[in-house]
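Participant: Provided herewith is a single structure, encoded as structure tokens, for subsequent inquiry.
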Amino acid sequence: MEDMATEQEEAPDKAKLSRRGFLGMAASVTAGAAVLPRMASAALAGDERDVLDVAIIGAGLAGLTAARDLRRAGCESFVVLEARDRVGGRTLNHDLGNGYFSEAGGQWIGPGQTAVADLARELGVGTFLTYWQGKIVMLAGDARATVECDGGLSTDPKLRKELEDLARDVPTAAPWTSPRAAEFDAMSLADWLAKKNLSPEDQLGWALGAQLTTGTTPNKLSLLHYLSLINSAGCDYRRLEAVKDGAQESRIAGGSQILSIKMAEALSDKLRMSSPVLRIENWQNGPATIHTAKGVIRARSVIVALGPPLCQQIAFDPPLPEKRREMQRRWPAFAPMRKTAHVYKKAFWREKGYNGAVIPMNSPVQFAFDNSPEDVSFGVISAFINPGVLPSDKKAAEAELSRIYARAFGDEALHPIAYHDHDWGKADQWSLSCTSPIPPGFLTKYGDVLHPSIGRLIWAGTETAEIWITTMDGAIRSGHKAALQALQAVAGRKA
């Protein structure tokens, strides 16, 4: 993500100090399923004689990817059930007018995230580089400082190398199987950093870097989980944290939700919107009976493309295994994430040599950044907000943020032409949290029940991905995997 510090037009040694001061499948699924016969669509609801091959719960990136793969493989006996009146899950576009959007949820893609890049290309959706030219602004008390930054907050290359080396033995798909899993999961990232005798500036840089990539503070973040994220990035810490050559390098033209919208357009005959699933019966042996707010559906396999805590909103009969239930109940939801967008007539900060990034200390803002459209027809400053700090009243929130941006960029920031505000913890009951940082002790206790299917239930969602978990790429990968599992089950039953 991004960040701050002191004017940087001096010699190399001084520049270094100011930086510290600133502080810092799709194809394989289709090929594997090509042998499956084309299946006729089954009727829905009410008719006991009609049983679908697959029911998919959730029309986010994971669920829609799974549905798309089923259709590409020749399976037409499926339905997608979505609780909301929209698709996209944890991606959501703010409509800025005239065909422009700013993202309220997940938005970035970077090197190595081939699943989302492939999907965008197949759907005819372009990407463009995140704007990152110019200085970052840091605010601390009455002080204001600026610095050039190449995209990351971490300051010590040796420490980065140490984390990368540790991450090599922590597989993203199953970090709890690491030889040192118990050791790493017993401590937080903050515990580990505390042993490194870092300066206050370095402590701040590493803390901000972790918070901006995971949505929570290092003291709430399992070292094991953090190492698994680094492993996801090819054991390259900078690829996880940075903008240039990192996971925040590019954006989706048309906003990230466009991927789900385009998939949904091609699957409109299979979508059932505003249909929250209330209860699933006979999931062990099948066919499963799925009770929704709009009727009953029966299916031989059920892809549950939801975050683990949302599974708690479904009653399962018989109950799920105790450990699975406990994992869902205890899944951390302390990082719901609130994201705002100030819209201006132009990106005036660029003219002043700033890249739009702001990090204010002891502020409602975790991190603010330039989120303007590619053609810069107007300017947008978006921000990740610390939960529970900014006023819930949107006019009051807009005014408070405008004052922060004015300190960073000048009084022009006091006059946005529009304001958007989305609190993922309060927007609706179908989100709860936008990010999923994992605390110490969780993965070694519950990780082994996160992935495996149970009876006729197949789990999907970014938390179940084998790499790039917590990202859009991870969600798409999990959808590919779930579709393949469902297709294999269909093939087995028809053999």
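Note: Cβ is positioned from N, Cα and C throughout, glycine not excepted.
All annotation found in TrEMBL is predicted automatically rather than curated by experts.
Source: prediction; values computed, not measured.
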Participant: Figure out which of Val277, Val296 sits with Glu82, Ala83, Glu463 in the FAD site per TrEMBL.
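Facilitator: Site partner of Glu82, Ala83, Glu463 for FAD, according to TrEMBL: Val277.
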Participant: Could you give the mean pLDDT over the domain 'Amine oxidase' (61-483), rounded to a whole number?
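Facilitator: Summing pLDDT over the domain 'Amine oxidase' (61-483) and dividing by its length gives 94.
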Participant: Including all protein chains displayed, how many Cβ atoms other than that of Glu82 (FAD binding site) lie within 10 Å of its Cβ?
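Facilitator: Other Cβ atoms found within 10 Å: 26.
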Participant: Pick from Ala83, Val277, Phe384, Glu463: which of these binding-site residues has the biggest number of other Cβ atoms within 10 Å of its Cβ?
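Facilitator: Per the Cβ count, the most surrounded site is Val277.
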Participant: Cα distance, Phe384 (substrate binding site) to Val277 (FAD binding site), nearest Å?
Facilitator: 31
Participant: Between Glu463 (FAD binding site) and Phe384 (substrate binding site), what C-alpha distance do you get in Å?
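Facilitator: Per the Cα atoms, Glu463 (FAD binding site) and Phe384 (substrate binding site) stand 21 Å apart.
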Participant: Give me the CA-CA distance between Phe384 (substrate binding site) and Glu82 (FAD binding site), in Å, as a whole number.
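Facilitator: One finds 27 Å between the Cα atoms of these residues.
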